[in-house]
Amino acid sequence: MKLYVFGYILVQAWALFYLFFSFRSQLPWASCDNTWNTVTCLGLQSLNSSNLTVPFTNTTSAATEFWERRVLNMSSGIEELGSIRWELALCLLVSWLICFFSIWKGIRSSGKVAYFTATFPYVMLLILLIRGITLPGAWDGIYYYLYPDINRLANLEVWMEASSQIFFSYSLVIGTLNVLGSYNDYHNNCYKDCFWLCLLNSGTSFVAGFVVFSVLGFMAQKQGVSVDNVADSGPGLAFVAYPQATAMMPLPQLWTVCFFLMLILLTVDTHFVSVESVITSVCDLHPKLFRAPMRREMFVLFICSSFFLLHLSMVTEGGVYIFQLIDYYGCTRACQDFMTVCLCLAVAWTFGADRLLNIIKDMTGQKPSAFFKLCWKYIIPLLTLISFILHLVDYKHLKINEYVYPDWAYALGWTITLSSVLMVPLWAAGQLCFTPGTFIQVGQTWRHFYIFCILSTACVSEHIFL
């Protein structure tokens, strides 16, 4: 799962591309006077001067055309990868170089970099927040943000998506917290750290919502439409809607630079931590091999170089289709839910919830509430198992706009998903076969874990077959 997450470095490359163009006297996504624009292009002057009580039809905004025709130069589909976009390839190279020099010395270098990359975005966030709430129409967007549609809250899918966002936001079940936590002292108060992590993470997301929706409210007033019709989710929000909004403001270059600088620092922080977690895991598995002088640095260089070459396929004219395919299938909710259930079964049942509580008490000096034990053993496995089943039942094929992927691409997508999910039952089967002792003795240790893996794998296989 972590290797697929490496693909998110493409967001950093896109942000770097936009940052370079942000220093121009005329932002290229604000007008239709460029070589890549079509006759149906709609510039910001048209948006500001026209009566938009009825949305335009058969037109495309200048920001959308810059994104699709200048940045991506999108082909007709994944079948036509086309040539490498050398400007994006250069941005990708810079992104991987930043990653390499952030982690090549291990926690000594990455820890120092994190002091800047984890704190400076808060300065940018505060600047954008102050600017956002002073825009005309901003409070319409904030009202839309704070007052939910009660009827939508009755939709179970809304809660499933919310849980998926928490998984991504907290980096759960993909090893990051385990790896970074392994650098702590034994008596570090992990119990206290967990509460601070949850508070700061969700608090930051909540404040960021004001930054986004204040600008969406401003755009909605400018265009004469409702807030929910301003922009779609996904990359379009960051690379179409927000640049278009900043281009409407006084001193547009300033706000655009602030936004993309914040986005770059956030992606730098997220990405190098992901790479560091993989490298640390491998080095811990083979300490004699990688703890020799310069061995670790060479391994980091090998990983960064290899994935740079692999990710060149994503900066082709059809690269965005590959990116969306990996994003949709590589670390999807099915993987998260499946791994969560397996983790709870392994820790709370095989290892033992009481044993874990006692270890935390020995480390921190205080024993966690029994509620945690209840969650680990029953509540979390049950909820995530329900989410896993619902995800399979409600599964829909990936689409980009009106483009439908070929069948082989969907088969590749499910192969990507199963390459993570099947690791757990296959490892369990290997333990049953190779662990010393009789099959019954080993089976008693792994029985809950193994039965669930078989049933879940059968459900996935049956769903794909149908």
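Note that Cβ sites are derived from N, Cα and C of the backbone, with glycine treated the same way.
Database features, via TrEMBL:
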TRANSMEM  5-23  transmembrane segment
DISULFID  CYS32-CYS41  disulfide bond
TRANSMEM  84-104  transmembrane segment
TRANSMEM  166-183  transmembrane segment
BINDING   SER169, ASN201, LEU266, ASP269  Na(+) binding site
TRANSMEM  195-220  transmembrane segment
TRANSMEM  254-279  transmembrane segment
TRANSMEM  299-326  transmembrane segment
TRANSMEM  338-357  transmembrane segment
TRANSMEM  378-396  transmembrane segment
TRANSMEM  408-428  transmembrane segment
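Separation of the C-alpha atoms of ASP269 (Na(+) binding site) and CYS32 (disulfide bond): 35 Å, rounded to the nearest whole number. Around ASN201 (Na(+) binding site), the same-chain residues at least 6 positions away in sequence with a Cβ under 8 Å from its Cβ are SER169, TYR170. If you measure from the Cα atom of CYS41 (disulfide bond) to that of LEU266 (Na(+) binding site), you get 32 Å.
Neighbouring residues of the recorded Na(+) site, listed in sequence order and excluding SER169, ASN201, LEU266, ASP269, comprise THR204, THR270 (Cβ within 8 Å of the Cβ centroid).
The transmembrane segment (254-279) and the transmembrane segment (299-326) are in contact, since at least 3 Cβ pairs between them lie under 8 Å (pairs 6 or more apart in sequence). The transmembrane segment (299-326) shares the most Cβ pairs under 8 Å with 84-104, out of the stretches 5-23, 84-104, 408-428.
Using a 10 Å Cβ-Cβ cutoff, ASP269 (Na(+) binding site) registers 20 neighbours.
Other Cβ atoms within 10 Å of the Cβ of CYS41 (disulfide bond), summed over all protein chains shown, number 20. Sequence-distant neighbours of CYS32 (disulfide bond) (same chain, 6+ residues apart, CB-CB distance under 8 A): CYS41, LEU42, GLY43, ALA62, GLU65. Residues 29, 71, 87-88, 91-92, 94-96, 99, 174, 235, 238-239, 243, 253, 256-257, 260-261, 263-264, 267-268, 270-271, 274-275, 307, 311, 314-315, 319, 323, 326-327, 330-331 of the same chain, all 6+ positions outside the transmembrane segment (5-23), place their C-beta atoms under 8 angstroms from a C-beta of that stretch.
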